[in-house]
Amino acid sequence: METELGSGLSEDAEAAVDWFLTLTLVVKTFLMGLIIAASIFGNLLVIISVARFRKLRIITNYFVVSLAMADILVALVAMGFNASVIIFGQWIFSYAMCDIWNSFDVYCCTVSILHLCCISVDRYYAISQPLMYPMKITRKKVAVMLANIWTWPALISFFPIFLGWYTTDEHQLYREKNPHSCRFVVNKVYALISSSISFWIPCTIMLYTYYRIYEMASRQEKMLLKNADAALLFRQQNQRRSAEMEQHQIHHIQQQNQDGASITTAVGAAINGPNSGILPAIQVTKPDVLLEVNGKAQQQQQNGTPISSSPPPPPPENKRISAGDRSALLDSASDANRYQCRDETCSNTPTISKDSKHLQKIRREHKAARTLGIIMGAFVLCWLPFFIWYLSVTLCGDMCYCPDIVVEVLFWIGYFNSTLNPLIYAYFNKDFREAFRNTLVCVFCTRCQDPREQQRDQLAALGFHQQQQQHGKNNLGRLSVASAENQTSRTIRHSSGDTIAGIERIDHKRLSGVAVQNL
């Protein structure tokens, strides 16, 4: 009875263990498949986006495209074979395929890491020597660098592994007796050389270059902020000075119209009406009125010409404000405003100086360096634990034993770096983000717009926006002149009203006098 009970409990325990192992295997398979698919899809998206969008075809992105190709190889070969070993629990391929897998694993991971190292050097020259960068980093030099990146890692992967230099004699005998095992056991010399070329030397170069980039970027950022503060202060002072001058001009015109000159104007519907004809003129007598016409202030004086309803011959010194004169006044004031703008080194049209373009370029370089710095940080976090384990196990042997599950996790954390790179591009780089969005819309939706057409649409929208901005600035430039002209018109209408009221009082007195005489 006890035996049957014990066997029943053992069967239940075995079933529970089997169920747990099956669930663990399903979760592992799902996660590994997700990482592989995301790595292939994301890096393909990088390659397609750079191919479709001319804006992304810059020197740095040549390294990025080549890195994406290396990461696709990591996903297809290194991750694929490793996943098969985890799923089936053993090596299901031939003896030669084991060497091919180990060779591609070392080769692809080394190529990916060397790409990141070259990108850091490229960014270092772009920020430290921006004027010499186009001459130092040319397309031909980039092609040579990429050729070396793809060639030299073969010297620490395919040749030593196929020739048997990478491992110990004991492991060679073990592999011959156990063909279903494909463990990558290396000797101490190969571990030191391969890890140094694959990780430690590139990592040291990247840390140094990004530390230098951080120093220069911080220093240039402080200079940019200082220059921006100075430019903002200068712009505020210039705007305040322009506002004071405009206010002074308006006050000057108002003072001139209040203090005096003789203005011949048309009274009636013609002064504001649609017709430009001149009605019978009214002579308004005031001492010394200045009227600015054609950009010059002219002072005229009229010695009390009698007021009549018939148009007297206008003296040559009098000025008649009609619709044409009003437009001439506006044009002359606008010319004066433009002349003043030239004196004050301001402009109605938005201009971008060489310095501002240089500052914008520096900002773009800093943003690219910051993005690539995040990529480098992700690289260190992903690969550093693996290479620490790789060296420690090789150098201290069985004393540094590590469970198989931990080894699997370390391998896949390193592989996961190939999946992270395109995600970092999409999140931190605006150009890649827009290119990814457009490419995804083109792939999964029916709205597929050619990049050249999209660029033309963006340029057209930008031109329309600049035209609207220019129109608004021109209107603001004429605001002071329009205010002065309106004040002049109100002064004229007020003077005309006073004159008409005076005429009515005179006529009323005359009529009253006639009525008294008749009585």
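Cβ coordinates come from backbone N, Cα and C, glycine included.
Taken from TrEMBL, the feature compositional bias 'Polar residues' applies to 296-305. As annotated by TrEMBL, domain 'G-protein coupled receptors family 1 profile' applies to 42-425. What TrEMBL lists as region 'Disordered' is 295-322. Under the heading transmembrane segment, TrEMBL lists 30-50, 62-88, 100-121, 142-166, 189-211, 368-389, 409-428.
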Interface-richest range of 30-50, 62-88, 189-211, 368-389, 409-428 toward the transmembrane segment (100-121), CB pairs under 8 Å:
62-88
What same-chain residues lie close to the transmembrane segment (409-428): Cβ under 8 Å, and 6 or more beyond its ends?
32, 35, 38-39, 42-43, 45-46, 64, 67-68, 70-71, 74-75, 78-79, 82, 109, 112, 370-371, 374-375, 378-379, 382-383, 385-386, 389, 436
Are there residues at least 6 beyond the ends of the transmembrane segment (368-389) whose Cβ is under 8 Å from a Cβ of it, and what are they?
60, 109, 113, 116, 119-120, 123, 126-127, 195, 198-200, 203, 206, 210, 213-214, 217, 402, 406-407, 410-411, 413-414, 416-417, 420-421, 424-425, 428-429
Determine the mean pLDDT over the domain 'G-protein coupled receptors family 1 profile' (42-425), rounding to the nearest whole number.
75
In terms of Cβ proximity under 8 Å, which residues at least six beyond the ends of the transmembrane segment (62-88) contact it?
25, 28-29, 32-33, 35-36, 39-40, 43-44, 46-47, 50, 97, 101, 104-105, 108-109, 111-112, 115-116, 118-119, 122, 139, 142, 146, 149-150, 182, 408, 411-412, 415, 418-419, 421-422, 425
In the same chain, which residue numbers or ranges, 6 or more beyond the ends of the transmembrane segment (30-50), come under 8 angstroms Cβ to Cβ?
56-57, 61, 64-65, 68-69, 71-72, 74-76, 79-80, 83, 86, 412, 415-416, 418-419, 421-423, 425-426, 432, 435-436, 438-440
